[in-house]
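Asker: According to TrEMBL, the active site, proton donor annotation covers CYS115. Per TrEMBL, the feature phosphoenolpyruvate binding site maps to LYS22, ASN23. Taken from TrEMBL, the feature UDP-N-acetyl-alpha-D-glucosamine binding site covers ARG91, ARG120, PRO121, VAL122, ASP123, LEU124, ASP303, ILE325. Feature annotation from TrEMBL assigns domain 'Enolpyruvate transferase' to 7-404. The annotation 2-(S-cysteinyl)pyruvic acid O-phosphothioketal is assigned in TrEMBL to CYS115.
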Amino acid sequence: MEKLIIEGGRPLEGRICVSGSKNAALPILMASLAVDGPVTYTNVPRLRDIHTTLRLLEILGCTAYFDGDSVKVETCDLVPEAPYDLVKTMRASVLCLGPLLARLGEARVSLPGGCAIGSRPVDLHLRGLEQMGATFDLEAGYIHGRCERLHGAHIQFDFPTVGGTENLLMAAALAEGETILTNAAREPEVVDLANFLIACGAKISGHGTSIITVQGVEKLIGCDYRIMPDRIEAGTYMCAAAMTDGQLELTNCTLQDLEAVDAKLREMGVEIREAENSIFVSRGPDLHGADVVTLPYPGFPTDMQAQIMALMCVSRGSGMIKETIFENRFMHVQELRRMGANITLDGRTAVVRGIKQLTGAPVMASDLRASASLVLAGLAAAGKTEVLRIYHLDRGYEKIEEKLSAVGARIRRVKY
Ligand SMILES: CC(=O)N[C@H]1[C@@H](OP(=O)(O)OP(=O)(O)OC[C@H]2O[C@@H](n3ccc(=O)[nH]c3=O)[C@H](O)[C@@H]2O)O[C@H](CO)[C@@H](O)[C@@H]1O
Ligand SMILES: C=C(OP(=O)(O)O)C(=O)O
């Protein structure tokens, strides 16, 4: 096992290059299952989940590998079964359901199950695919789907599910006829997937709005595609600059997909300036609390909730955070309290009363963004913080200790 040791209290100054987006890369890599011919991807982050996805694609009958800075994927002899061993380590695996059904008329995918942050059901994915002609059985923990060629349908989501919209988009791209997705997710990562499918020859319009229309085509062809920047990694480092009283320039990103985070940080007093393809962030003279509600895009992202909580812990006054997306995404609260944070929790609402400085402590990461909040807290805290179980962090942050060390943090990874 590995842990991070952080000697906190040092302002971060300099430039960090933001990596490609994990949450865009995972569905887009999975979409290669729907494509005939080779695809070359750039700006793919080297993360644990990406390596897992490449392994899964190989098991499903593709060649899939890093070739220098790019990733090459080509479908060869597709196999319909995504095994439990891989799916249990990465929920995004369920995104192979749509493209496999569209391409093979069959998919047998281990049911992903919940995780630390919530139950994470996939009923809306299955209901939509059923409307397109698939039938499903549950067999020994696997969802077994079968269909003739999928057909277009009008699918009204009960909730603008990100994964559900992505699965249905991939299926609809190859279905017969027109599919209309209403109350669809509008997240930038969904738009990136739609743009990738369009680059492969799909006929999609309305992506980025809540009504997406897809005219199915017979076949998708390979292309070269650059994955969008990771808006959540960028937001995390924006918090790091403010919390450590530092000044960071974040390159390879824009504020375009970060409106809600940008607005909330500015409301809290953080100074933010945008240049071409980069963002400058510093603390500002009066950092203070604010109220945050997590919502589907364009609302404040649940994936930034833990990080903004860490920032509020060291801001003047108090703030309230309501988590509406996942029922159990407050696992970081207990750990932040161990560092002196003043947080009270009532169901899905947390009240944070800012203190002058956190104190370093050994803390345990429970999930990806909780881990990020503990690293942020450690960077701002007086003394030494040890963050245990950082395998969660490695799912979502490329070279985190290298990037932070380069801007002045004292942070190192050790085995234990
Ligand atoms: C809307 C939202 O913020 N989605 C986030 C969610 O995407 P992810 O795709 O994992 O989750 P969904 O957007 O599908 O789920 C959002 C909500 O819908 C519910 N649900 C979803 C699918 C389904 O079939 N049935 C169902 O009830 C979930 O329990 C959850 O409460 O987690 C990702 C990782 O943190 C984030 O990057 C996404 O931004
Ligand atoms: C929880 C996250 O990812 P995943 O959906 O892959 O679990 C995340 O990106 O914050």
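Positions of Cβ are set from backbone N, Cα and C atoms, glycine also.
Because TrEMBL annotations are produced automatically, they should be read as predictions rather than curated entries.
Show me how these features fit into the structure around them.
Answerer: CYS115 (active site, proton donor) is surrounded by 17 other CB atoms, counting those within 10 A of its CB over all protein chains shown.
Spatially close to LYS22 (phosphoenolpyruvate binding site) yet at least six residues away along the chain are PRO45, LEU47, ASP49, ILE50, ASP230, ILE232, ARG395, GLY396, judged by Cβ distances under 8 angstroms.
All protein chains included, ARG120 (UDP-N-acetyl-alpha-D-glucosamine binding site) registers 14 other Cβ atoms within 10 Å of its own Cβ.
Predicted-model confidence for the domain 'Enolpyruvate transferase' (7-404) is 96, expressed as mean pLDDT.
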Asker: CB neighbours of ILE325 (UDP-N-acetyl-alpha-D-glucosamine binding site) within 10 A?
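Answerer: So the number of other Cβ atoms within 10 Å of ILE325 (UDP-N-acetyl-alpha-D-glucosamine binding site) is 18.
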Asker: To the nearest whole angstrom, state the Cα distance for the pair ARG91 (UDP-N-acetyl-alpha-D-glucosamine binding site) and CYS115 (active site, proton donor).
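Answerer: Cα to Cα, ARG91 (UDP-N-acetyl-alpha-D-glucosamine binding site) and CYS115 (active site, proton donor) are separated by 9 Å.
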Asker: I need the CA-to-CA distance for LEU124 (UDP-N-acetyl-alpha-D-glucosamine binding site) versus CYS115 (active site, proton donor), whole Å please.
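Answerer: CYS115 (active site, proton donor) has its Cα 18 Å from the Cα of LEU124 (UDP-N-acetyl-alpha-D-glucosamine binding site).
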Asker: How many whole Å apart are the CA atoms of VAL122 (UDP-N-acetyl-alpha-D-glucosamine binding site) and ASN23 (phosphoenolpyruvate binding site)?
Answerer: 17
Asker: I'd like the Cβ neighbour count for ASP123 (UDP-N-acetyl-alpha-D-glucosamine binding site), meaning other Cβ atoms within 10 Å of its Cβ, all protein chains included.
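Answerer: Excluding its own Cβ, ASP123 (UDP-N-acetyl-alpha-D-glucosamine binding site) sees 10 Cβ atoms within 10 Å.
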Asker: Roughly how many Å lie between the Cα atoms of ASP123 (UDP-N-acetyl-alpha-D-glucosamine binding site) and ASN23 (phosphoenolpyruvate binding site), rounded to a whole value?
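Answerer: Spelling it out, the Cα of ASP123 (UDP-N-acetyl-alpha-D-glucosamine binding site) and the Cα of ASN23 (phosphoenolpyruvate binding site) are 20 Å apart.
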